[in-house]
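What TrEMBL says about this protein:
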- 179-200: transmembrane segment (TRANSMEM)
- Glu187, Glu226, His229, Glu334: Fe cation 1 binding site (BINDING)
- Glu226, Glu277, Glu334, His337: Fe cation 2 binding site (BINDING)
- 241-264: transmembrane segment (TRANSMEM)
- 345-386: region 'Disordered' (REGION)
- 370-386: compositional bias 'Basic and acidic residues' (COMPBIAS)
Amino acid sequence: MDISKLSTALPLSRPQLSKAVAASMLRSCSAHGVAGCRPVLGSYSLHLQQTQSSIQSQNRRQFSSTAKFPLQARRQFSSTARTSLKAYFPEPETEKIRTSPPAWPHPGFTVEQMRDNVAYAHRQPRDFSDRVALTMVRLLRFCMDTATGYKHNVEQPKKPGDANAVAETKPYGMDERKWLIRMVFLESVAGVPGMVAGMLRHLHSLRRMKRDNGWIETLLEESQNERMHLLTFLKMAEPGWFMRVMILGAQGVFFNSMFLSYLVSPRTCHRFVGYLEEEAVLTYTLAIEDVEAGRLPKWTDPSFVVPDLAVNYWKMPESNRTMRDLLLYIRADEAKHREVNHTLGNLNQKEDPNPFVSSYKDPNTPHPSKGLEHVRPTGWERKEVI
């Protein structure tokens with residue numbers, strides 16, 4: 001047997017190399033007896049030294065090429081050590097099933113729509129219910145800023161009701177890690193209201209033995225969409241135990257608060273979510289500006305790869321798969337949730353149909369839809385759609 005004929009086109013680890021050569025030795029010994037093993041051992045020792053030297057040289061070249069971004073090969077960003085990185089939620093492998101697509105496919109946005117039709121906007125409170133909702137969002141914003149270490153270079157952070165909220169709110173000290181901490185925490189909370197509202201309306205429909213007129217599906221789809229945001233960010237960073245504890249506590253408090261509040265006043269809850277989504281649009285707008293300004297080099301590096309989960313869910317074109325594009329898609333989703341909840345907050349909670357899934361008598365007149373064709377950032381008024 002000639003050891004030099006073993007292929008080294010693909011780099012082998014030391015255990016893999018040992019197994020390959022041992023198998024070759026076993027075949028040679030079986031064919032030629034003990035005498036045939038002696039020359040093999042000498043050749044194996046020399047070949048092992050040469051191969052190990054080649055592997056070490058290749059590893060040095062790979063390390064020097066990825067020293068600036070040592071985590072790019074496995075995950076774009078994570079606080080976990082490289083040696084401990086693994087798929088945070090690997091896809092289950094089964095004998096029969098190839099893949100499980102989402103139950104609610106994304107409606108799809110064009111790059112032009114996301115760029116031209118989405119922007120920060122604020123709905124001014126008009127009554128006591130609106131003021132209560134806005135006050136609660138400001139309280140939640142304060143708690144979230146404190147928990148995620150979000151800071152600004154102005155004396156007081158801009159609030160949803162302030163003028164020039166985007167232009168005068170400039171985050172400092174925000175790197176990729178801090179942005180991901182804020183986004184993971186934000187999305188873990190944002191997925192709660194839609195599920196709570198959809199569940200309660202579902203049970204209400206069963207008790208009343210009446211149709212819900214399309215609200216349940218939109219609310220559950222919104223919750224699913226927020227969860228996809230969270231799963232996308234978890235593909236880039238694995239939260240530690242402290243973040244897990246914070247999310248566990250926040251979810252427990254937020255779920256029960258939303259549950260009780262929606263039983264008392266669904267309209268206030270939808271207005272609250274509308275204001276909360278205004279904050280989400282502001283957050284992602286500032287993150288996009290940071291990316292465009294070059295303050296987040298890991299996300300603008302040409303070797304950065306958007307998670308496959310995001311590419312498949314949003315059906316991202318091959319030419320638009322940067323971190324900036326991903327943030328544009330997520331911001332557009334948040335803007336749509338803002339529009340939906342502000343609109344639902346304007347309707348009769350028990351009788352009006354959901355205008356975002358309805359068919360209209362005059363299709364040429366602008367009306368609510370799942371897409372970004374006709375966007376009303378502060379919501380559609382009832383007289384416009386009912």
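Every residue, even glycine, has its Cβ placed from backbone N, Cα and C.
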Which of Glu187, Glu226 has the fewest nearby Cβ atoms, counting only those within 10 Å, among these binding-site residues?
Glu187
Give me the CA-CA distance between Glu226 (Fe cation 1 binding site) and Glu277 (Fe cation 2 binding site), in Å, as a whole number.
11
To the nearest whole angstrom, state the Cα distance for the pair Glu334 (Fe cation 1 binding site) and Glu277 (Fe cation 2 binding site).
6
So what's near the transmembrane segment (241-264) in sequence-distant terms, Cβ-Cβ under 8 Å and 6+ beyond its ends?
147, 181, 184-185, 188-189, 192-193, 196-197, 200, 272
Spatial neighbours of His229 (Fe cation 1 binding site) that are distant in sequence (at least 6 apart) but have CB under 8 A:
Met183, Glu187, Ala190, Gly191, Ile330, Asp333
Quick check: with Glu226, Glu277, Glu334, His337 left out, which same-chain residues have Cβ atoms within 8 Å of the centroid of the Fe cation 2 site Cβ atoms?
Ala190, Glu222, Asn225, Val273, Leu276, Ala280, Val281, Asp333, Ala335, Lys336, Arg338
Quick check on the compositional bias 'Basic and acidic residues' (370-386): DSSP residue counts for helix, strand, coil, in that order please.
4 helix, 0 strand, 13 coil
